[in-house]
Structures are given as structure tokens and as C-alpha cells.
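A short write-up of the structure that comes next.
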Amino acid sequence: MFSDTLDSKDLKIFKVSANGQVVQFALGTKHKFKGSPLEITLPFELSRGQHVIVEIEYETSPSATALQWLTPKQTAGKKHPYLFSQCQAIHCRTMVPCQDTPSVKHTYYAQVSVPRDLVALMSALHDGQEPDPSDSNRVIYRFRQPVPMPSYLIAIVVGALESREIGPRSRVWSEKEYVDEAAFEFSETETMLKTAESLAGPYVWGQYDLLVLPPSFPCGGMENPCLTFVTPTVLAGDRSLAGVIAHEISHSWTGNLVTNRTWEHSWLNEGHTVYIERMIARSMESEQLRQFEGIGGWKELQESVKEFGPNNVLTNLVTNLHEVDTDEAFSFVPYEKGFALLYHLEELMGGPEVFMGFVKSYIQLFAYGSVTTEEWKNYLFTYFKDKVDILNKVDWNGWMHTPGMPPVKPQYDTTMADACTALCQRWVKAKEEDLASFTEADVKKLNSPQLIEFVALLLQEEPLPLSHVKKMQEVYQLNSVKNTEVRFRWLRICVRAHWEEAVPLALKMATEQGRMKFTRPLFREVYNFSKYSDEAVKTFKEHRAALHPVTAMMVAKDLKIDG
């Protein structure tokens with residue numbers, strides 16, 4: 001007898017067969033967030049290399065955390081329902097029984113039957129379509145993914161979708177209400193892909209399409225192979241849009257091709273991806289922009305560490321996730337602490353070209369596999385074998401296994417940041433009688449990334465007096481700025497200053513989109529303004545059903561709501 005175990009959560013299993021023969025199966029004890037192991041017993045012995053076809057008939061649950069089902073009124077078109085998946089980190093098991101770990105990679109083939117008015121897409125190459133022989137009102141879409149990938153990258157979307165070609169290997173997909181704007185915004189995709197290939201090696205996934213999702217999508221982007229998912233909030237994001245797309249493109253190498261073996265090592269995915277994303281910015285724009293983005297990233301890291309607490313082990317670069325839900329551990333730490341380490345090593349090893357050579361070589365060596373921090377570090381020492389004495393001086397324990405901020409703060413070029421810092425300090429130090437000295441010209445000199453940096457700096461200071469915030473609105477008109485990154489931070493500044501008129505604006509932004517990066521902090525700010533705590537809770541409860549299940553769970557925790 002041979003038994004195999006798959007991950008499953010809230011799946012109803014009807015029947016399992018192996019090579020056409022019905023076999024026994026059992027669902028093990030249910031774990032609070034991992035679900036139930038599906039144990040399948042095969043009635044025959046297996047020899048090495050023998051193929052077995054296991055068929056599982058099952059259905060998912062309405063509460064499957066991987067799947068968000070939108071009603072027509074939750075879409076832009078208001079006519080058809082919409083389905084999208086989000087499997088990272090361990091939600092694929094709510095959609096399909098699988099070995100739901102990044103240490104296991106597989107190819108896949110799928111057929112999806114959908115109503116004739118709708119389109120199905122997956123994180124795979126489109127392999128044709130045909131009328132459904134069992135129902136003339138339905139169409140079957142076929143997909144194949146020939147490159148081995150982990151389960152968290154399986155993705156599906158079904159909706160009233162249209163596409164536009166934006167490059168020789170790229171289309172942009174969305175509801176028709178967004179599609180032309182998206183095609184215009186993503187016109188640089190092929191240039192970015194070519195830039196990434198020049199840095200990291202050939203793009204192996206064939207197609208690189210983008211899908212703009214409805215507003216409830218919980219992430220900025222998701223690097224599903226062949227089909228990057230993007231939040232519509234980036235369409236109003238200026239430079240932040242380029243950052244999101246460059247980040248997801250970079251994941252094609254670091255994450256999708258070379259994958260962290262377990263989620264404890266997620267910095268290998270995210271830190272390297274941020275590193276390549278900023279190298280793309282360097283190639284397409286300037287080294288100064290890369291330096292400026294490093295400064296912004298350090299600030300994001302400071303905010304994450306402050307939020308978790310400087311002694312919280314979830315701020316370690318390599319975390320221990322034993323009995324910790326990966327959703328609750330999610331933060332900017334693996335992204336920005338990871339980037340800071342790689343940037344520190346770049347400086348020690350001889351600069352960006354030299355260190356990017358290592359990153360490219362690391363990708364080639366571990367391509368199609370999964371990797372741990374130890375294997376990465378061993379290869380670093382092998383690649384730079386003539387600089388081992390320098391590498392031995394790095395405080396590896398301080399970087400990897402110690403909570404809080406890193407042991408070394410990188411020294412970034414502050415050319416682009418100086419104007420933001422100076423303006424921030426003027427506001428912080430201003431007395432009432434100084435307020436007349438501020439004019440619209442102050443911010444006219446700042447480009448979009450600098451404006452984001454200016455408001456981000458203000459958030460790191462003590463809350464401004466209400467008189468200052470009202471004056472800032474009067475001279476800079478920040479309430480009418482469309483850029484979501486600016487708007488998000490500006491509304492937090494207003495709520496912190498207890499400007500009551502900003503509360504409905506903050507709650508509106510928290511609910512008209514569901515990107516966790518924006519929704520959670522906005523709800524928290526209003527909740528912390530004690531006069532409006534109840535209003536925050538009431539608004540969340542009214543909109544909870546429209547939020548992604550993971551977002552809803554995290555906001556409920558933030559607002560101290562049980563169940």
C-alpha cells in the first residue's frame with residue numbers, strides 16, 4: 001500500500017481514483033489556517049519513475065480564500081459577475097487539492113468552461129477554445145503552462161474582459177471600461193521586459209500579459225506567470241505604476257523561476273525582486289532615481305518595524321513561521337530589509353554591475369528550482385571567492401536572525417530627496433505666523449515621486465497642528481491629487497491632525513478600493529481618532545462583503561472586531 005498526502009482547505013471531496021480505479025481517501029484533522037490533509041491510499045505498490053494518474057472529484061466552498069466572487073454591481077460594467085483568484089501564500093489549497101508549498105514545482109494543463117459572454121484567463125499560455133459540447137451557451141478555454149512553477153502561482157480569472165495588444169508578447173486585459181486607459185498606461189511594458197532580460201537573462205514564460213482587476217483586488221500586483229494581475233489604483237499612480245510593473249516583471253526571474261523553498265525565506269523572492277526592479281529604474285531613468293527609491297524603501301521598512309514592534313521576530317529577515325499564519329506575517333520587511341542587504345553587499349563587492357553579475361548567475365544556477373537562504377549565501381561566498389574576507393565581516397546574524405532595523409543603514413545619494421526633506425522640515429518647524437510663507441510654488445518644483453516622498457516624510461513626524469494641515473490643503477490642493485500614493489498618505493496626515501472633514505474622505509478611499517497597502521492603514525487611522533472609532537467599525541462592517549477575504553480578516557483584527 002502506498003499513501004500520498006495533499007493540502008486541502010474547505011474542499012468537499014466526492015471521489016478519488018488512481019489509473020481509473022476508485023481508491024480510498026480520508027481528510028485528516030482540520031488545522032485552524034492550514035486546512036485538512038487529504039490522504040489518498042493507493043491499492044498497489046509504486047516503483048520509481050512509474051506514472052500514476054490520480055483523479056479527484058471535488059468542489060470548493062463559498063468561503064474559499066483563494067477565490068473572490070464579485071456580483072455584477074461590484075464590477076465596472078455592472079452587467080456580469082466576475083471571479084478572480086489570489087493563491088499566495090497558502091490559499092491554493094482552497095481552490096484545488098495540491099502540494100501547496102513553494103518547494104514543489106509543477107507544470108499544468110487546464111480546461112475551463114464559462115458562459116459564452118465571459119472570458120477565462122489563467123497564469124498559463126492560451127491553448128485554444130471551443131464551444132462546450134455539453135451546453136451551447138458555454139465556451140471551453142484551454143490553457144497550458146509548460147514551465148514548472150509552485151502552486152501559489154496558479155491563477156484564474158473569469159469576467160467580461162477585453163484586451164489590447166501592447167507589445168510583441170503582451171496584451172493588457174480588463175473590463176472594457178478600463179482597457180484603453182490601461183493600454184496607454186502600460187505602453188512601456190516591452191521596454192521594461194527587454195531591460196529586465198539584459199539584466200537577468202532570457203524571459204522563459206513566452207507571453208507577458210497584464211490584467212487590471214476590479215478595485216477589491218488586495219495587492220498592488222501579483223506576478224502570476226504569463227498574466228500579471230494589477231490593481232486599478234496604479235492607473236492613477238504616475239511613477240508608482242512603473243514601479244509596480246517593474247516589480248512584477250522582475251518576479252519572472254526571482255520568485256517564479258527561482259523560488260524561496262519555504263515562506264520563512266520569502267526575502268529571497270522579494271528582496272531580489274526589489275533589487276532588480278530598481279536596477280530597471282536605473283537603466284531606464286537614472287542612478288539617482290534608484291537611490292531615491294532606496295530612501296523611500298528604507299522609510300517603508302521603518303514603518304513596518306514600528307508597526308510590528310522592534311523586538312518582534314516577524315521583522316527578522318529569515319522568519320520562523322511555525323504556527324504563524326503567513327497572511328498575518330506579511331509586511332514590507334522581506335522586500336526592504338532584503339533590498340537593503342543586497343544593496344549593502346553591492347557596495348562591499350564592487351558596485352551595481354559587479355553585484356548584478358552575481359544576481360544573474362544565481363538565477364541561472366537555481367532556475368526552475370527552489371532555494372533556501374543558506375544555499376544562496378553559500379553561492380554568494382563561492383561566486384565572490386576572492387572577497388571572502390570582506391563577506392566574513394558582514395554581521396550575518398544581525399541581518400538575518402535579529403528583529404528590528406538592519407545593523408547597517410545604507411548611505412544613499414540624497415540629491416532627489418533633499419528638496420522633500422527641506423520642505424517637510426519647513427512645515428514641521430513653522431509657527432502660526434510662518435504659514436503665510438508657503439505657496440503653491442513649493443510643490444510645483446517636485447516631481448511625482450518627490451511629492452510622495454514629501455508626504456511620506458510628514459507621516460514620520462509628530463502629527464501636524466490642524467491649522468497647518470488646513471493651510472497645506474489651501475496652498476497645495478492635495479485633496480484633488482489623483483495619484484493614489486499621495487492621496488493615501490495625505491488623508492492619513494489629515495486624520496492624524498483630527499481634521500474631521502477628512503474622515504469621510506479617508507473611509508471612502510478605504511472602501512472604494514481594497515488594496516491592503518491602503519485599506520488597512522486608512523481604517524486604522526480613523527479608528528485611532530477616538531471620536532470616529534465607531535464610525536470606522538460601522539463603515540467596515542457595511543463594506544466587509546465587498547473586500548477580499550484576507551483583507552477583511554486583517555482589517556477586522558486591526559479594528560479589534562471578533563468573528
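Here the Cβ of each residue, glycine as well, is placed from N, Cα and C on the backbone.
Any TrEMBL annotation is an automated prediction that lacks curation.
The model shown is predicted, which means the values in this text are computed figures rather than measured ones.
Here is what TrEMBL says about this protein:
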type: ACT_SITE; residues: E248; note: active site, proton acceptor
type: ACT_SITE; residues: Y335; note: active site, proton donor
type: BINDING; residues: Q86, C87, Q88, P218, C219, G220, G221, M222, E223, R515, M516, K517; note: peptide binding site
type: BINDING; residues: H247, H251, E270; note: Zn(2+) binding site
type: DOMAIN; residues: 415-559; note: domain 'Peptidase M1 leukotriene A4 hydrolase/aminopeptidase C-terminal'
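Looking at the residue listed as 'active site, proton acceptor' and E223 (peptide binding site), their Cα atoms lie 5 Å from each other.
Less than 8 angstroms from the CB of Y335 (active site, proton donor) sit W267, E270, G271, T273, V274, G297, E300, each of them six or more residues away in the same chain. For H247 (Zn(2+) binding site), the number of other Cβ atoms no farther than 10 Å from its own Cβ, over all displayed protein chains, is 22. Cα to Cα, Q88 (peptide binding site) and H247 (Zn(2+) binding site) are separated by 16 Å. Cβ contacts within 10 Å of H251 (Zn(2+) binding site), excluding its own Cβ and spanning all protein chains shown: 25. The two recorded residues, H247 (Zn(2+) binding site) and G221 (peptide binding site), show a Cα separation of 8 Å. A Cα-Cα distance of 20 Å separates M516 (peptide binding site) from H251 (Zn(2+) binding site). With DSSP classes pooled into helix, strand and coil, the tally for the domain 'Peptidase M1 leukotriene A4 hydrolase/aminopeptidase C-terminal' (415-559) is 113 helix, 0 strand, 32 coil. Cβ proximity to the Zn(2+) site centre (mean Cβ of H247, H251, E270, cutoff 8 Å) flags the following additional same-chain residues: E223, E248, S250, T254, G255, N269, T273, V274, E277, Y335. The two recorded residues, H251 (Zn(2+) binding site) and E223 (peptide binding site), show a Cα separation of 6 Å. Residue environment of E270 (Zn(2+) binding site) contains 22 other Cβ atoms, counted within 10 Å of its Cβ in all protein chains. Cβ neighbours of E223 (peptide binding site) (same chain, under 8 Å, six or more residues apart in sequence): L153, E248, H251, S252, G255, N256. Once the Cα atoms of Q86, C87, Q88, P218, C219, G220, G221, M222, E223, R515, M516, K517, the listed binders of peptide, are compared pairwise, the greatest separation found is 18 Å. Using a 10 Å Cβ-Cβ cutoff, Q88 (peptide binding site) registers 26 neighbours. Restricting the average to the domain 'Peptidase M1 leukotriene A4 hydrolase/aminopeptidase C-terminal' (415-559) gives a pLDDT of 94.
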